[in-house]
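Here is the structure we will look at, set down as structure tokens.
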């Protein structure tokens, strides 16, 4: 059995990572989506252990101290991290493991796992991104402003990545992301 690979997927909040990954994973059940841990509150419909591992800040900080994360970062006032052991287990089983993580986490993985493929998902425009975030109706104005400011940084960092996919037309973006992950 061959060893698997790690693919890092990042992009601004609201760019459509979840929508595209759902389509990719339905077409590629052999791939494994790493479940991140976070200190943020669950959104409606999110299930602990399925969408995220929802932890208190104290629990998260204990796991940091015990080096249980492959990467971790603070984003929009919350901590996010990738539990190390499930990723290593799945790679050793020969699977493609997808990490859907923030920019700082992607940079950490680049240092710890330089062979990981790095893919950034971008919106067709900042205006389109803002509209998508507002349509969620899950954030107040201050949170939206923080996310848009962070998005500018993430868009500016696109040149750091191996592959760049623009999420403009859904079918085209799915095909491009599939190629970026599996080819």
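Heads up, the Cβ atoms here are built off N, Cα and C, so glycines get one too.
Annotation comment: Swiss-Prot describes 11, 12, 13, 14, 15, 16, 17, 18 as ATP binding site. Cβ environment of residue 16 (ATP binding site): 121, 123, 132, 167, 173 lie under 8 Å away, each six or more residues apart in the same chain.
Annotation comment: Swiss-Prot describes 4-182 as domain 'Guanylate kinase-like'.
For the domain 'Guanylate kinase-like' (4-182), the predicted model reports an average pLDDT of 93.
Neighbour count (other Cβ atoms within 10 Å of the Cβ, all protein chains): 26 for residue 15 (ATP binding site). Among the binding-site residues 14, 17, the residue whose Cβ has the fewest other Cβ atoms within 10 Å is 17. Note on the binding-site residues 11, 12, 18: the fewest other CB atoms within 10 A surround the CB of 18.
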